[in-house]
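First up is the structure itself, then whatever we jot down about it.
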Amino acid sequence: MKNLDINTFDNIEDIPLGSSEQDPYDFFTLSDRNVMNSDMKKNIVQWNSRYSYNQLKNKDSLIMFLVEIFRSLFVSNCIDKNIDNVLLSIEEMFIDHYYNPQHSRLKYLIDDVGIFFTKLPITKAFHTYNKKYRITKRLYAPPTFNEVRHILNLAQILSLEEGLDLLTFDADETLYPDGHDFNDEVLASYISCLLKKMNIAIVTAASYNNDAEKYQKRLENLLKYFSKHNIKDGSYKNFYVMGGESNYLFKCNEEATLYSVPENEWRHYKKFVDYDTVQEILNISEKCLEKVIKDFGLCAQIQRKEKSIGLVPNKIPSLNIKNEQKNYMIKYEVLEEAVIRIKKEIIKNKITAPYCAFNGGQDLWVDVGNKAEGLLILQKLLKIQKKKCCHIGDQFLHSGNDFPTRFCSLTLWVSNPQETKACLKSIMHLNIKSFIPEVLYENQ
């Protein structure tokens with residue numbers, strides 16, 4: 001940990017705060033003006049509102065693009081011979097996109113590709129992964145979607161040589177199983193260790209208004225670990241929780257409990273959305289969800305909160321009852337259908353306020369605000385550049401609420417807390433000379 005180089009900015013002037021000009025997309029004004037302009041902010045809004053069949057499972061465009069390249073090499077039986085030349089070409093495209101994200105060749109080939117805030121060493125990442133799993137020696141099983149996802153994660157981790165100032169996490173399926181509370185001492189130890197070197201935030205869709213106790217309950221075991229290891233050195237001050245995507249901010253005090261941060265300390269970094277617009281988004285969503293329940297005969301209910309609305313099963317499935325009926329479960333494809341219907345209606349009503357309609361796997365939620373806005377608030381509050389911020393999450397498809405963070409942060413796409421631990425272990429040991437990235441395949 002001693003060698004993890006974390007740089008901070010002494011003055012707010014060190015980071016330009018973007019244009020003061022107001023436009024319909026000003027909630028995406030970023031901390032370094034030279035990376036994102038108004039057209040790119042508009043592009044984020046358009047992709048946040050995109051709806052198509054292609055957003056279904058494992059349809060990430062960049063990963064599928066690489067899968068097809070590797071698969072063509074595999075089919076032609078020349079992956080072992082030609083892989084270096086192919087990786088060099090891919091890396092050149094990545095570098096071109098890093099310098100010119102709006103007009104790169106990669107952008108023309110993959111129109112929804114995110115922004116690269118670091119140069120991705122895909123060649124080194126592939127060979128690291130191949131050294132352990134020997135992809136190039138396989139005869140009948142071509143590289144898969146998840147393998148390419150892991151390789152891109154490795155490339156992103158290997159690009160962090162300058163260190164990080166802010167590490168953010170999704171909650172469910174990233175830090176703990178969906179619907180559960182945090183309960184992993186090893187993961188807590190990794191987060192605690194990194195907290196001594198950087199700011200860490202959990203950016204979650206969970207919306208309990210400003211009720212710090214409810215967030216405290218979900219994270220109780222993590223905060224207990226902080227009470228033993230992060231109070232004396234004051235590193236507990238580096239921990240944040242952003243609830244409701246971007247609507248409620250909490251910090252940790254010296255008793256390792258959460259408290260609500262006064263709005264006057266951070267609300268000016270957030271786009272103002274008036275009450276009528278909030279209600280319009282929720283009303284449109286509620287009408288769509290009522291129609292979905294009727295059309296598909298769902299055993300589900302609508303839950304409406306201050307700035308969010310959700311479709312949840314009437315009963316959560318039990319893992320212990322084998323013969324229990326499962327007809328109350330909502331099919332993944334039905335949730336996707338509902339997300340697309342809601343986005344379509346919001347677009348028709350020409351609403352430009354930040355929002356997020358996402359498929360949670362077992363339920364669906366629509367929030368006023370989104371994780372991109374949540375990350376941008378933290379970046380501005382802490383005066384941190386986007387290339388020094390990394391978000392770890394499991395919902396990076398177009399219908400997932402982590403997707404917008406690709407336009408304002410580095411990202412690592414995990415599928416479970418075990419993969420999160422592997423990523424953190426690699427980040428902790430990144431600048432050690434004998435460092436070998438932790439490679440964790442999905443089924444291990």
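Just so you know, glycine gets a Cβ as well, placed from its N, Cα and C.
Taken from Swiss-Prot as is:
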{"type": "ACT_SITE", "residues": "Asp170", "note": "active site, nucleophile"}
{"type": "ACT_SITE", "residues": "Asp172", "note": "active site, proton donor"}
{"type": "BINDING", "residues": "Lys132, His150", "note": "ATP binding site"}
{"type": "BINDING", "residues": "Asp170, Asp172, Asp394", "note": "Mg(2+) binding site"}
{"type": "BINDING", "residues": "Asp170, Asp172, Asp178, Thr204, Ser207, Ser308, Asp363, Lys371", "note": "IMP binding site"}
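Using Cα positions, the member of the recorded positions Asp170, Ser308, Lys371, Asp394 nearest to His150 (ATP binding site) is identified as Asp394. The number of other CB atoms found within 10 A of the CB of Thr204 (IMP binding site), across every protein chain shown, is 27. The closest partner of Asp170 (active site, nucleophile) among the binding-site residues, by CA position, is Thr204; the full candidate set was Asp178, Thr204, Ser207, Ser308, Asp363.
By the criterion of other Cβ atoms within 10 Å of the residue's own Cβ, the least surrounded of the recorded positions Asp172, Asp178, Asp363, Asp394 is Asp178. Taking Lys132, Asp172, Asp394 as the recorded positions under consideration, the smallest Cα distance to Ser308 (IMP binding site) is found for Asp172. Taking only the Cα positions, the spacing between Asp178 (IMP binding site) and Asp394 (Mg(2+) binding site) is 11 angstrom.
When the recorded positions Lys132, Asp172, Asp394 are screened for a C-alpha within 10 angstroms of the C-alpha of Thr204 (IMP binding site), the residues that qualify, in sequence order, are Asp172. Distance between Cα atoms for Asp394 (Mg(2+) binding site) and Asp172 (active site, proton donor): 8 Å, as a whole number. A gap of 41 Å separates the Cα atoms of Ser207 (IMP binding site) and Lys132 (ATP binding site). The secondary structure of Asp178 (IMP binding site), as reduced to three states from DSSP, is coil rather than helix or strand.
Per the record's binding annotation for IMP, residues Asp170, Asp172, Asp178, Thr204, Ser207, Ser308, Asp363, Lys371 show a top Cα-Cα distance of 19 Å. Lys371 (IMP binding site) falls within a helical segment according to DSSP.
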